[in-house]
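To keep things clear, I will list the structure first and then write my remarks on it.
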Amino acid sequence: MTNAAHDVLSPTPDDRFTFGLWTVGQTGRDPFGEPTRAALSAPYLVRQLAGLGAYGVNLHDNDLVPIDATARQRDHLVRDFQQALNDTGLKVPMATTNLFSDPAFKDGAFTSADARVRAYALQKTMHSMDLGHELGAETYVFWGGREGSEVDAGGKLLDALAWFRDSLNFLAAYSEAQGYGYRFALEPKPNEPRGDIFFPTAGSMLGFIPTLERPDLFGVNPEFAHDTMAGLNFTHAVAQIIDAGKLFHIDLNDQKMGRFDQDLRFGAENIKTAFFLVKLLEDSGYGGPRHFDAHALRTEDEAGVWAFARGCMRTYLLLKEKVRKFNEDPEIQAALAAYRVEDAELAELTGRFSPERARALKERAFDREALGRRGPGLEQLDQLTMELLLGVRG
Ligand code: GCO
Ligand code: MN
Ligand code: MN
């Protein structure tokens, strides 16, 4: 490997790669089986991630502080974690609340039909926001893992939406009152662990955000696996979020369509979609964290965990390098230029409505058959992309 190639593929904090404590700390437990590897402490995970070139580490409150910890235990755990952050320079850009593991949340947190559960969820989230702020987090994620249902016999659908809205309004106001200045990122998922989760897609979140009191504080945290599980095109979802100015955070991983939630290493499965996603992120100038919300396969030991973490970052950087080559490849650029047909006169006619332009456009003659005959060259363009990805172009 040449030095130049080595540099391009070695992660540095400038690449803004982050992992969750729950991702590299995942012990291999699944619904059918016990852990296959030992739990690793938060300070140890921080030191390892920093050594690999990550920028930051994200956490749920209970990834660091057990739900039943005493105040003394909390202070001790936070102090040791903070020490590891100080020693390594690793940041905590994002924090979130675990509102899904405890049985209290089995039928929802902010959307529970029990007012006591909803109030407890608010209380727990405020404590978690305090912790996130203490650690320097600027983004706060809401993933409503238990906000959903298996049966709708409870008849709470419209109420649940209102309860969710009230909770987010309350918490945004709390953040402002405390001077935390959080930006909130709402994470959609279609199902798992609930049979159906409320707000299943990016579009659901984009439609909901304008109904909040402070829509400016809210954006989306889309996840590759969540759209892919549902057979949707994740890159299209991210484009719509960018178009709305709402890409506040992103969860990267991989997934086979139609399966259980796999949380595979980034790029492990859908390499072409991953390429177009990296291209979209890089070309759009997205400057936020590239967060890997995934974990090593259950088969792996600790060495496999670090191979997983290195692999996520390395594949992202490999794809970013391919994006650079794609954007510089003369044949690809010529095919792209040929794909788009521009017409200055028509651009003028269709640009902005006026009665005159509308009349002129209605009178304009189009050679419909010629339009239908034109081949846009997508087979060739896609093959060139494949050859670039497979390493036979540059
Ligand atoms: C999942 C989700 C979670 C959230 C996390 C942060 O499928 O379990 O993706 O991993 O991203 O709780 O809020
Ligand atoms: Mn997920
Ligand atoms: Mn996620």
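Quick reminder: no glycine exception, Cβ is built from N, Cα and C everywhere.
Listed in TrEMBL:
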- 47-290: domain 'Xylose isomerase-like TIM barrel' (DOMAIN)
- HIS60: active site (ACT_SITE)
- ASP63: active site (ACT_SITE)
- GLU187, GLU223, ASP251, ASP293: Mg(2+) 1 binding site (BINDING)
- GLU223, HIS226, ASP261, ASP263: Mg(2+) 2 binding site (BINDING)
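Overlay of TrEMBL feature records on the structure.
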residue: HIS60; record: active site; DSSP class: strand
residue: GLU187; record: Mg(2+) 1 binding site; DSSP class: strand
residue: GLU223; record: Mg(2+) 1 binding site; DSSP class: strand
residue: ASP251; record: Mg(2+) 1 binding site; DSSP class: strand
residue: ASP261; record: Mg(2+) 2 binding site; DSSP class: coil
residue: ASP293; record: Mg(2+) 1 binding site; DSSP class: coil
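Listed recorded positions: ASP63, ASP251, ASP263. Those with a CB atom under 6 Å from ligand 1: ASP251. Comparing CA positions across the binding-site residues GLU223, HIS226, ASP261, ASP293, the one lying closest to HIS60 (active site) turns out to be ASP293. Here the CA atom of HIS226 (Mg(2+) 2 binding site) lies 9 Å from the CA atom of GLU187 (Mg(2+) 1 binding site). When each of the recorded positions ASP63, GLU187, GLU223, ASP251, ASP261 is scored by how many other Cβ atoms sit within 10 Å of its Cβ, ASP261 comes out lowest. Other residues of the chain with a Cβ within 8 Å of the Cβ centroid of GLU223, HIS226, ASP261, ASP263, the Mg(2+) 2 site, are LYS189, GLU192, PHE224, ALA225, THR228, MET229, ASP251, ASN253, GLN255, GLN262, ASP293. Take the CB of ASP263 (Mg(2+) 2 binding site) and look out to 10 A: across all protein chains shown you find 20 other CB atoms. Cβ neighbour count for ASP293 (Mg(2+) 1 binding site): 26 (other Cβ atoms within 10 Å of its Cβ, all protein chains included). Checked against ligand 2, the recorded positions HIS60, ASP63, GLU187, GLU223 give GLU223 in sequence order as having a Cβ less than 6 Å away from one of its atoms. The two recorded residues, ASP63 (active site) and ASP293 (Mg(2+) 1 binding site), have Cα atoms 14 Å apart.
Candidate recorded positions: HIS60, HIS226. Fewest other C-beta atoms within 10 angstroms, HIS60. Contact annotation for recorded positions (HIS60, ASP63, HIS226, ASP261, ASP263) versus ligand 3: none, no CB falling under 6 Å from a ligand atom. Closest by Cα distance to ASP293 (Mg(2+) 1 binding site), from the binding-site residues HIS226, ASP261, ASP263, is ASP263. Distance noted between the C-alpha atoms of ASP263 (Mg(2+) 2 binding site) and GLU223 (Mg(2+) 1 binding site) is 10 Å. Cα of ASP251 (Mg(2+) 1 binding site) to Cα of HIS226 (Mg(2+) 2 binding site): a span of 9 Å. The record gives GLU187, GLU223, ASP251, ASP293 for Mg(2+) 1. Within 8 Å of the mean position of their Cβ atoms, the other Cβ atoms in that chain belong to VAL141, TRP143, LYS189, ASN221, PRO222, PHE224, ALA225, HIS226, ILE250, LEU252, ASN253, HIS291.
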